[in-house]
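Peer 1: Checked Swiss-Prot, it gives:
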- 3-147: domain 'Globin' (DOMAIN)
- Ser14: phosphoserine (MOD_RES)
- Ser51: phosphoserine (MOD_RES)
- His64, His93: heme b binding site (BINDING)
Amino acid sequence: MVHFTAEEKSTILSVWGKVNVEEAGGEALGRLLVVYPWTQRFFDNFGNLSSPSAIMGNPKVKAHGKKVLTSFGEAVKNMDNLKGAFAKLSELHCDKLHVDPENFKLLGNAMVIILATHFGKEFTPDVQAAWQKLVSGVATALAHKYH
């Protein structure tokens with residue numbers, strides 16, 4: 001279980017309140033699919049994923065990215081119980097979708113990069129550390145069903 005200090009929680013909540021979920025979600029998922037092309041196999045029904053520009057402009061990537069980041073809001077609300085908050089998603093990704101749990105870490109890292117680009121100098125090393133801790137905790141929670 002991940003333990004967050006009051007300061008880390010405050011930092012995460014402060015940034016999350018300013019996140020454009022639709023924009024950042026599409027960018028994070030798009031970046032995952034471009035940087036780690038083998039992840040595209042989980043999205044074969046998304047249509048054209050043939051190039052970085054096709055991926056980043058794909059409406060299905062944007063829509064699913066928004067869905068992913070919206071569910072990530074549950075992590076922000078449930079920092080003290082990530083495993084419980086993601087139990088159903090863990091089961092779905094393990095039992096039905098058969099997603100390699102390493103991909104959760106990759107998506108989390110892509111999300112941190114997107115937050116850094118969106119918030120610039122405001123995304124200090126302390127802010128990044130809090131967010132890395134959260135995305136790592138979410139990745140672990142999503143991988144829970146695999147163990």
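Just so you know, glycine gets a Cβ as well, placed from its N, Cα and C.
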Peer 1: How far is it from Ser51 (phosphoserine) to Ser14 (phosphoserine), counting Cα to Cα, in Å?
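Peer 2: If we compare the Cα positions of Ser51 (phosphoserine) and Ser14 (phosphoserine), the gap is 35 Å.
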Peer 1: To the nearest whole angstrom, state the Cα distance for the pair Ser14 (phosphoserine) and His64 (heme b binding site).
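Peer 2: Checking the Cα atoms of Ser14 (phosphoserine) and His64 (heme b binding site) gives a distance of 24 Å.
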Peer 1: Can you give me the average pLDDT across the domain 'Globin' (3-147), rounded to a whole number?
Peer 2: 87
Peer 1: For His64 (heme b binding site), what is the tally of other C-beta atoms lying within 10 angstroms of its C-beta?
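Peer 2: Other Cβ atoms within 10 Å of His64 (heme b binding site): 17.
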Peer 1: Neighbour count, 10 Å Cβ-Cβ cut-off, for Ser51 (phosphoserine): what number do you get?
Peer 2: 10
Peer 1: Ser14 (phosphoserine) has how many other Cβ neighbours within 10 Å of its own Cβ?
Peer 2: 12
